[in-house]
């Protein structure tokens, strides 16, 4: 915008209202995942995306993480809808948990996205039915004071959308996840005309994907990858096994095309892979010859050079098909000498070691492993710096708000705009729950902070694993635990019998009997009353045991197991 | 070798002996770290390197890992020496623990390497003095039946050596860690003449660094990095803080030179950084003007643009200086707006998330972060594919043995030789402890497997943390633990009082009182005797509690805390 078009933004300003436009990234401003953006004006709220995130090593035992929607509690009636940009878990994964909490508002998206949301809901049979509403990508949606439009965008899954929200204060545009792909797979190309048209109208703020903002240059078209993959496949003499994300439907499409060209049959492995392909096929987003996809039972009867297995597990996941094939736990397939394994997805940060282990296991079985370091079998789904610049130039927003990524990514994305001339005060580096306000064509980062704690899902529990529990898990992992059970006479404080010691994750007890004995004696000594017939104080004794045994063990071994004292009075 | 020079190898064969040459990689054939190679002939053993490795997330609480030297127990008298290639922890780190176990054999290396080993030994005051012997790089060392020579090589620390072992069966050459750097820092260039001369003699087997074997092309000279770093530094207006490895002395040298050019003063941060620089300076391996290095106290009095802090912690380590500066725990320095932070080391696999967290924290404080994705501030210390090819062409070994890396790296390194014409049976993809035998000019991978378990160091304990303990730690981390203490009357089996429940890392007990109550009732029910006056069987009751409470909790929450039952008889 750079000042020149500021006046045009005033078209949206209602002189009579005291309301402000409030925008907050509920999740996705400090991480890759739990994407959710809130746009609020008066009594109207819309949400964009509702994603989950997988935990990192600091969150042991956690299955996944949800965004914190506490601010919306009590405001459920204001929520006009959740708009979903595309069918990836970091944008749809929290729906089964969060939609019911928010009183099941309508969920708007394109056809394939809704198909995948709907299918996934089958895993949550105890939850109420979702209110899914397909949008007309060329139409408009009236949601309270907001008018919502959509822009076709390209990503690694078809039917990805950017969202345009016309508010009384001006237009907010949200890119969703996007890349510029001038020759996309099974998808229409980005609607540049619409982007520039809306840009000409004047856009108050553009919220843009930061995932790959640290990479200079342009993202590669998915089609280039097709060629590379075909080349690798053509050279493979035996069976081919490709590991990729089930969510990367465009990659899966290319793999299927390559298989057909080489007259190989395709086996799909992994539940998410099978269901995603099924839905995409059904809704016409994936083309495949009727005889190409075969069952594992059929595949094992064919010679290896006629088979391609497309499966999940390229991140080294324990239970995924690739790991089961290499460890011999798969029902039909076992990795054999002569197999070619293609890792066709980038490694998610944090998974490097498990991927390394998987590769080593594959090589040990005699497989030929091709990974993206050796040959570029990966084109990402996210805008790189030149792509972000193109978007910025087309939209020319007054304010630029990087979203979707760690602070570092957001900041780097912000630098892209800064280098094109956007002033520092026009680039908002936000944080989860931080409220940005817009009024009279001007925006500001307020000091208002909405709740933005991670909500942990562990088994059937949602939100019952707190930071305290996680800290305990980390401590237990570090040096294990030791329970000491002391029985004392409630009248005279005398120790009855010998203290019991139970320990796990600290030392191997059977191999360290003398240390166990010493610990037992030490415990005796700690609780033995100095004065005969002293009435015992169990709380005092427990604290004493915890502190003094802890210190004793640390001196012995320089380890700090969690000491859990139990005092039984009889 | 490719057949042509085979006959020449016979010069080493003693017709009268029945001994075979045995070579085994004790550590470093399945990981990056714990490097140790054994060469054995009759009653003579030499070892090359003695390194440690830091644990990955599957080994919670472990401080570091040592190679398994069990095979050498009882053979201590045969050990003629440990030859150290260079002063990095993955090559020297296990010395304080292993040298005493092996009856303190002489340790041979170049001057700087010995200086650093000696300094590090100060941290192990309870251990016996090491027998350190400086080698003449141009001389020969007679160690039993072996004659050892050295070749100057380049790496990221000065005084790095390749090792040539003349055995009765032929020459074994070990590259150590190396790169081809035609314009090295503070170091002589690789002794190509010696390599080719020994190559011409005929080398039986070449053991070569696989760390960067998956990278095509040539490793960049460290000098190129100097230019990039100077450019970044020149643009920085405020204080500059550089995070790098203390072990990368060549990088540290360049940083110091750049600081001097820009007329900035240097503060060294981190104990290893300070001691390494001190030793290198003292021994003449690092040049620095007498006034360049200043203390933190002096630095805080200077304007920011006069200061460069060179510190450790670029891997996001909790206690390192960079983390303390950003978290406000550093005694002298606090990250401020305007600081430029340069990450001048690649991210070690597994550290991606902690590095990300550190970067986000730095940006939150207003610092300007430059990392290697944004600008190439990193040149590695290890040979890439073209460098390996150059070495192979110069040495032309009969057998090629990739070492130092995961199986995947070894295999990829093997492929480099295969592509140059080495036959599959001449490229040994080995494993830790796997014995390779050479006799009559021919080599083979035997089926003999020496012990090769990881030896874990945790606090003061060496080897007392077993796989069982680690598995328990992982289980505890996953879903925590729950101890239930039931007191029963030893005569009639009746439960006395209420069972006690203690849990950590499972649920937050105070916030889940009803579940705690239910669990208590369930425990009561499980141990209550069906028949009055039944004499209790504590072992049976404990197993019953463990199984049934475990199942109860899993049904409730789909979590599996470790259930530790205690039955107290009174």
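Using the three backbone atoms N, Cα and C, a Cβ is placed for every residue, glycine included.
Annotation comment: TrEMBL describes B:209 as active site, proton donor. The active site, proton acceptor annotation in TrEMBL covers B:382. What TrEMBL records for B:61, B:63, B:458 is Ca(2+) binding site. Summarising the annotation, TrEMBL assigns Zn(2+) binding site to B:86, B:88, B:90, B:91, B:155, B:177. Sequence annotations record features per position, and here TrEMBL assigns substrate binding site to B:246, B:247, B:248, B:378, B:379, B:380, B:381, B:382. Feature annotation from TrEMBL assigns domain 'Metallo-beta-lactamase' to B:33-229.
Here the CA atom of residue B:155 (Zn(2+) binding site) lies 14 Å from the CA atom of residue B:246 (substrate binding site).
Residue B:86 (Zn(2+) binding site) sits 11 Å from residue B:248 (substrate binding site), taking the Cα positions as reference. Of the recorded residues, residue B:209 (active site, proton donor) and residue B:458 (Ca(2+) binding site) place their C-alpha atoms 29 Å from one another. The Cβ of residue B:458 (Ca(2+) binding site) has B:61, B:62, B:63, B:464, B:465 as same-chain neighbours under 8 Å, each 6 or more residues away in sequence. Within 10 Å of residue B:381 (substrate binding site), counting CA to CA, the binding-site residues B:88, B:90, B:91 contribute nothing. Checking the recorded positions B:61, B:209, B:246, B:380, B:382 against chain A with a Cβ-Cβ cut-off under 8 Å leaves B:61, in sequence order. Of all the recorded positions in the list B:247, B:248, B:380, B:382, the shortest Cα-Cα distance to residue B:88 (Zn(2+) binding site) is found for B:247. Comparing Cα positions, the residue listed as 'active site, proton acceptor' lies closest to B:177 out of the binding-site residues B:90, B:177, B:247. Taking the centroid of the Cβ atoms of B:86, B:88, B:90, B:91, B:155, B:177 as the Zn(2+) site, the other same-chain residues with Cβ within 8 Å of it are B:35, B:49, B:51, B:85, B:87, B:92, B:157, B:160, B:176, B:247, B:381. Counting every protein chain shown, 23 other Cβ atoms lie within 10 Å of the Cβ of residue B:248 (substrate binding site). Among the binding-site residues B:90, B:91, B:177, no residue is found with its Cα located within 10 Å of the Cα of residue B:380 (substrate binding site). Sequence-distant neighbours of residue B:379 (substrate binding site): residues of the same chain at least 6 apart with a C-beta under 8 Å from its C-beta are B:219, B:220, B:221, B:222, B:224, B:225. By a simple count of nearby Cβ atoms, those within 10 Å, the most crowded of the recorded positions B:86, B:88, B:155, B:382 is B:155. The distance from the Cα of residue B:248 (substrate binding site) to the Cα of residue B:91 (Zn(2+) binding site) comes to 14 Å.
Taking the Cβ of residue B:380 (substrate binding site) as centre and 10 Å as the limit, one finds 18 other Cβ atoms among all the protein chains shown. Less than 8 angstroms from the CB of residue B:247 (substrate binding site) sit B:87, B:88, B:89, B:156, B:157, B:272, B:276, each of them six or more residues away in the same chain.
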